[in-house]
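Before any comments, here is the structure.
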Amino acid sequence: MARHRSPSAAYNREREDGHRDSHTTDDNRKSPPSGTGDHDRDDRSRHRHVRETEDADDHSRRRKDRSTGGYGEGDQKDRKRKRDKSEERRARRAEKKRIREEEEVRRVAELSVYSATDNPFHDVHLGQQFRWHKKAEKERKQGLSLGEAQRRDAVRKQEAKEELERLNRRRAAREVEQRLREEEEIKMQRLAESAQMSDWIAKDGEFQLQQERTRAAIRIKEKRAKAIDFLALNLRYVHAVKGEEEVDAGLEIDLDEPYNIFDNLSPDQVEELHDDIERYLSLEDSDINIDFWTNMMVVCKDRLDRNRDSQRMGEAAAAVETDINLLLSGKSYEHLAALQKQIQAKLASGEPVDTDYWENLLKKLLVWKAKAKLKSLHEVIVRNRLEQLRKRQRDEALQAQEELLAGVAQSAVRGTADTRVIVSATAQGEPEISGQYVEPYDRSMSPTLIDITKLRSDDREFDIVTERNETRTLLEQRRAVTASRYVPKATQAVPQVETPEVTSGADVASEALYRAEAERELDEEEELFNLEEDIAQPTSYNWEDKYRPRKPRYFNRVHTGYEWNKYNQTHYDVDNPPPKVVQGYKFNIFYPDLIDKSKAPTYKIVKVPGNEDTVLLYFSAGPPYEDIAFRIVNREWEFSHKRGFRSSFDRGCLSLWFNFRRNFYRK
């Protein structure tokens with residue numbers, strides 16, 4: 001009986017321990033820490049299922065052991081083994097519980113910056129779920145049961161959840177609206193920037209076009225024009241512009257058709273003209289000007305093709321081309337357009353025709369169409385230019401007429417006043433001529449009588465005109481000028497003496513750079529150095545036939561100072577300083593109108609035989625500027641920028657600044 005009671009008591013104790021552990025686990029499971037979610041509940045359910053399964057397995061094993069009825073020594077060993085297993089199981093459960101608690105503490109620590117052992121509230125239960133005992137007690141006093149309170153809390157939670165969802169949706173809608181608004185603002189800003197950029201590009205293109213036209217006019221005035229300059233000059237008169245009359249003074253248009261300019265150009269010049277036409281075509285914005293340059297491009301490409309094919313073209317092909325030109329020359333634009341349609345219809349009909357001949361004819365026809373349009377446009381240009389010149393002459397004639405009438409009226413008024421004075425003086429008994437109004441006579445007023453026999457034979461053939469006849473002729477000429485409405489501009493004779501050159505745009509730019517450099521104040525130790533050295537053997541340039549060589553302007557400075565070496569310190573002082581020595585130079589050479597601006601001017605030092613103290617500093621730039629030279633002291637340069645060295649070419653100004661190296665000796 002005692003043997004039977006012992007395993008039952010042990011079994012009951014194990015069940016009580018299992019139930020106690022189960023209750024402890026359930027209590028811990030019922031009070032999860034705040035902040036755990038559905039994932040924690042799933043873990044707890046899974047652990048509960050595992051524990052229930054293990055308890056069921058243990059319970060079935062115990063029942064199986066009891067059913068065997070063995071209570072011998074082997075049974076005691078089995079019971080001991082089972083007790084050992086129960087202890088191991090409890091240890092495993094304790095370990096799992098500890099791991100679970102640590103996991104919960106870790107999760108709480110992740111959700112909060114504080115932990116149960118480290119928080120400013122000194123709350124050791126910070127990781128546990130908060131229970132509002134006062135609220136539960138108040139609800140219990142109000143008669144609310146636990147289920148009703150839970151249902152009310154659930155309803156409130158649901159309402160709060162729905163409100164939170166509405167707020168989230170509203171916030172998401174606001175974010176979407178804000179994003180769309182920002183995208184719209186960015187789009188509008190981008191469109192505004194694009195419009196502004198296009199405006200800037202248009203203004204830049206207009207400025208570049210105006211600069212090209214101005215440069216063309218300057219080159220024409222300076223007798224160094226290129227082929228493109230004459231075309232650009234003619235195109236200025238497609239529309240009569242009032243503000244360009246003064247600028248165009250002295251410029252004459254070419255009366256020949258613009259496409260005839262290719263007859264006097266070499267193949268290289270034709271290629272250069274092709275590039276210039278492309279540049280103008282990219283800058284123009286007027287439809288008429290674009291049409292003009294497009295037709296010129298067609299003619300230019302045809303001339304380039306002819307230059308390339310001239311060497312390999314046979315006599316038969318040359319004869320065919322001559323016949324085609326004779327056939328198409330002299331026809332109007334409308335006639336050529338009708339002929340083009342006929343040729344295209346013949347080629348599209350599929351009839352057995354000479355395709356090469358008709359295609360070549362069609363190609364030449366397009367060139368002659370371009371020439372016909374250029375011819376009609378040139379007629380408009382010539383008509384506008386002549387009308388502008390007539391208007392200018394009419395204005396000059398009206399101005400001369402007004403000045404002449406004003407002079408005649410002033411002479412008449414002065415003569416009337418003199419007559420009144422004379423009559424008044426005569427009436428008062430005074431002499432008719434008074435010294436107050438008439439200058440005393442001097443013999444030098446009358447010309448010296450010349451003996452006719454002493455004149456040359458050519459002078460004797462001149463007609464002798466009396467004073468009366470000369471006065472009558474002068475009055476008749478004045479009346480003719482007064483009565484006329486048009487006065488042709490008198491042609492001025494070209495003087496034989498050497499006249500100063502006309503100031504061009506390049507000279508104006510050089511003068512501006514020169515004045516800007518001259519306005520800079522000189523340092524205390526600087527002096528002007530503008531003594532140019534004559535070049536013994538002038539350089540011959542291969543571009544003299546194309547550009548007029550001229551010397552650039554310059555504004556140079558020389559840096560002088562005292563050298564207080566041992567000798568000067570011994571023999572001189574501040575009151576009696578030693579002679580100044582050259583310590584450096586500042587050369588500023590102006591090249592505002594370089595043809596090739598991609599190549600900067602260069603300089604070189606040339607030693608003069610027999611003179612070891614000085615050397616020549618040469619400056620070379622390229623067309624249209626000549627080389628210039630200056631004589632400087634022959635000393636070693638200091639090439640450090642910290643020591644003042646500078647060699648740059650910016651905005652048409654070559655700056656070469658350098659100081660000489662100073663040597664110091666120590667004992």
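Placed from the backbone N, Cα and C atoms, the Cβ positions cover glycine too.
In TrEMBL, the coiled coil annotation falls on 150-177 of the listed ranges 38-65, 150-177. In the predicted structure, the domain 'Splicing factor Cactin C-terminal' (543-667) carries a mean pLDDT of 86. For the domain 'Splicing factor Cactin C-terminal' (543-667), the DSSP counts in helix, strand and coil order read 9 helix, 54 strand, 62 coil.
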